[in-house]
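Step one of this worksheet: look at the structure below.
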Amino acid sequence: METDNKYARPVYIPYSGTVLLEMSLLNKGSAFSEEERTHLNLHGLVPQTIETIEEQAERVYSQYRLLKADIDKHVYLRNLQDTNETLFYHLVVNHLTEMMPIIYTPVVGEACEHFSEIYRASRGLFISYPNKDRIDEMLRNVTKQKVKVIVVTDGERILGLGDQGIGGMGIPIGKLSLYTACGGISPAYTLPVVLDVGTNNQALLNDPLYMGWRQPRITGKEYEDFVDAFVQAVKRRWPDVLLQFEDFAQKNASPILKRYRDEICSFNDDIQGTAAVTVGCLIAASRANGGRLRDQRVVFLGAGSAGCGIAEQIIAEMKHEGLSDEQARQRVFMVDRFGLLTDKMPNLLEFQSPLVQKTETLAGWEVTNDEISLLDTVRNAKPTILIGVSAQPGLFTEEVIRTMQSHCEHPIVMPLSNPTSRVEATPADILRWTDGKALVATGSPFMPVHMNDQIYPIAQCNNSYIFPGIGLGVLACGARRVTDSMLMAASSALADCSPLAQNGKGALLPELSQIEKVSRTIAFAVAKAAQADEVAVKVSDEELLSLIDKNYWYPKYRSYKHASS
């Protein structure tokens, strides 16, 4: 197999001695062979015993398990990542279910809040507004020559925690860790970026340890021009890169995506990735209930960019299954803090307007006041699906859930808000209120629920099921853009991997232990869709599978030879 041959071949490097040991992408620590220690000037710089990566992993895992607090575990793993990336990924891949919540949600939220306190070593690129005229220079300072995936944030809407300034860098770092651990994209090809445009978080501005630009956030044309300067510089440095926008505030997220999605290969994971994984989960849940997505009625709590992005993707899938645009939109109801979105509601955002309900269609509804509440909407719309993206805990009350089940025996309930402290309802409560009949998926990880002598596995509707496969597919086929069809293909491929939909039992989504298979399946579907949309060169299925193999990186040590030898 080509992959095996690749790892058997030596890599010629110009580094040696302490310089080599300080390079996390190349460092092997105690695993350097006798020959490598001689030719790379490492004798005396590492302990005498030569270890395998498995022996090293046993040691670091033992150290990891001694730590009690999740944030301490996060800091430990980040330090390992900055020291020896191959060992880090070997450890994470072999303990993915245990460690994903530590390196990403929910613990990454706490790491972002305390970023300046726990900061130890530089990773990624910090592009601050005062240096707006030096962006090309800063990109040239990146030592990685073949960057293929960038995740960028401005730190304004970090999970459900709001403005974290440059602390938002924790999100691109964590996200790219999952591109590698779940999608096999080499860490040598990834770059996390934070656009430091100031912060409106007064606690950070007052914090003497805060490491970002201590000014209120720039806005308007200043902000737009700065983002554009970054994107244009990226296009000059790495014109074929996949650029993922992450955790931008809703007032900026949709406009940025709309502006650049046809200019550079890019997508917004909060809008499109969240939508794709949610739709995949909903297709599977609909199949498990004996129907299709086009048959469902959907109520959202939360009408921001993420919620509206999911809604639009649901509508696209309903249309794909045969409904007209009008029919599909009549089946989706958006509720925000001011109530149900209607055509009479003032001050709607641009992306909300297509999702309003016409007032005349609500004439027969029985409501408690002028603002149509979530409970009013559930009572009158009679949804089969309830989705929470509000970041407001506890709003899926017992009354709401029981009202929903009164007209739908097996309601599909998805409290997707992150982190766990922001979830609209816990799976245990939802299952208790529905006597175990609800199908539940969450945004943050939850343990299985034990009730009535049964165990209910809880699917985590996590974007990590989608974006690594999208990235792998884009890299494998060389896609020039990320199209809507590619995202729909990802959703459909994910649904095909659902144990519950396929076998009638288990969780809505496969276990994380199956993530490589899932990512490869999604990558193939995404690449085929890219070819159909003519944004990638058409090749045979066999060649495409070979390209996916070629692009899939495993955390294995390579043997080194000095470039001068």
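Just so you know, glycine gets a Cβ as well, placed from its N, Cα and C.
The active site, proton donor annotation in Swiss-Prot covers Y104. Secondary structure at Y104 (active site, proton donor), taken from DSSP and collapsed to helix, strand or coil, is coil. Its own atom aside, the Cβ of Y104 (active site, proton donor) has 27 Cβ atoms within 10 angstroms in the protein chains shown.
Mapped onto three states, the DSSP output places K175 (active site, proton acceptor) in helix. What Swiss-Prot records for K175 is active site, proton acceptor.
For R157 (NAD(+) binding site), other Cβ atoms within 10 Å of its Cβ number 25. Feature annotation from Swiss-Prot assigns NAD(+) binding site to R157, D270, N418; the stated evidence is sequence analysis.
For D247 (divalent metal cation binding site), applying a Cβ distance below 8 Å and a minimum sequence separation of six or more within one chain yields T153, D154, G155, E156, R157, I158, L159, G168, I171, D270. Annotation source Swiss-Prot lists divalent metal cation binding site at E246, D247, D270, citing sequence analysis.
Just so you know, the Cβ of D270 (NAD(+) binding site) picks up 27 other Cβ atoms within 10 Å once every protein chain is counted. Residues or ranges marked as site 'Important for activity' in Swiss-Prot: D270.
Per Cα geometry, K175 is the residue among the recorded positions Y104, K175, N418 nearest to E246 (divalent metal cation binding site).
E246 (divalent metal cation binding site) counts 28 other C-beta atoms within 10 Å of its own C-beta, drawing on all protein chains shown.
In the three-state DSSP scheme, N418 (NAD(+) binding site) falls into the coil class. Candidate recorded positions: K175, N418. Fewest other C-beta atoms within 10 angstroms, N418.
Of the chain residues outside the divalent metal cation site list E246, D247, D270, T153, R157, I158, I171, F245, F248, A253, N268, D269 have their Cβ within 8 Å of the site's Cβ mean position.
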